[in-house]
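Annotated domain 'Thiolase N-terminal' per TrEMBL: 8-263, in sequence order. For Cys91, the entry in TrEMBL reads active site, acyl-thioester intermediate. Sequence annotations record features per position, and here TrEMBL assigns domain 'Thiolase C-terminal' to 272-401. Positions annotated as active site, proton acceptor by TrEMBL: His359, Cys389.
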Amino acid sequence: MAQKRIFLAGTCRTPVGAAPRGNLKDVPAEIMLSMCFRKTLERAGVKPEAIDEVIAGNIAQSSEAPNITRVAALMAQIPEAVPAFTVQRNCGSGLQAVVSAAQMIKLDEANVVLAGGTENMSRIPFVLKNMRNGTRYFPGQPMKNFVDALDEGLTDPITRELMGVTAEKVAEKHGVSRADQDEFAAESHKKAFRAIRSGKFRSQIVALNNSKETISEDEGIDPTRTKQVMALAPTIFKPDGTVTPYNSCPLSDGASSLLVMDEKAVARYGVKPEAEVLSYAFAGLNPSYMGMGPALAIPKAINRILDFKRYAEDTVIKDVIDIFEINEAFAAQVLACQRQLGVYLEKLNPWGGAIALGHPVGATGAILICKILAILKDLKKEYGVISMCIGGGQGGALVLRNMQ
């Protein structure tokens, strides 16, 4: 039996805010996601009643919005009868939402799924642990149970290493120098600044209101972050290391969404799909080298595409795929993956990446899809790959065919 074809439509995203004190710090993640849901349906021309399921990725769910996807769906006036659930695969959560939607469609459990991701890292709290058991504190006693949930979440639970430490290990193992990382990071800001000034991101973005103004542009892009400025940043994860705050992605806030549909639904609702999903894959590896996840997930996804079987793997990567969007968690790991895969630099993140734009962790997978489709349309290219490393020792990838 022939596999069902999977199509994407209505892609959109919020601007990405700089955490923890940026423009979106006071906008809850569920509100950002609900705004994206509304815009996705509007852009695709699909009514809420047509949706069979809603799925979104989120990492740091607030106690104020448990199963945040359901909360956002109801805020967006999705009918109460439409079920919703939230997925969590760390930095791959937004991608997992789209993959879960595709899997439901392939199993004939749905025809139209609203998918996406959201994260407000500014609002991740400090917490007091173990207070329900009657712990008492006395004057002068250190509050050992007082924990920064954000810092804890960025520490691997198995190796007890901060994500930046894993980037240092990747840099050392794969010979990625400080100078190479700084140059790549500076180029990310330069490309993103060029893209934003020429209006490349405008078609993707859903403007948001905070208490003071309307936000319609990504906040973290800084054209003054030249290679010379990058060189002044301290290494904070290892003495005499190479990974700095400037050649790493910043903490960020943002959301994104899209429709995942089968062929019958596309025809029934008269939707013009933006892309077809050709394949996807996740891969696992040593958590201490989690940044190399894309180098494993991308070949795995490519090798699942029957039409590509006639090519050698390196031919697909070098000559068939037009654009790669690999999330820039750290310059070190992106460069290590790029070199191992043999991806041409001119095909990699042509409008800049997360070092400049930011990485709202639960939303990034969906944001990368939104972004690469805009790039493929603008450049009139056909095939794209999005990928990211995933904390805990995984990588995720999705291969798309542009239909715009």
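Every residue, even glycine, has its Cβ placed from backbone N, Cα and C.
Sorted by the number of other CB atoms within 10 A, the active-site residues His359, Cys389 start with His359, the lowest. For the domain 'Thiolase N-terminal' (8-263), the model's pLDDT averages out at 95. Under the DSSP three-state reduction, His359 (active site, proton acceptor) is assigned to coil, being neither helix nor strand.
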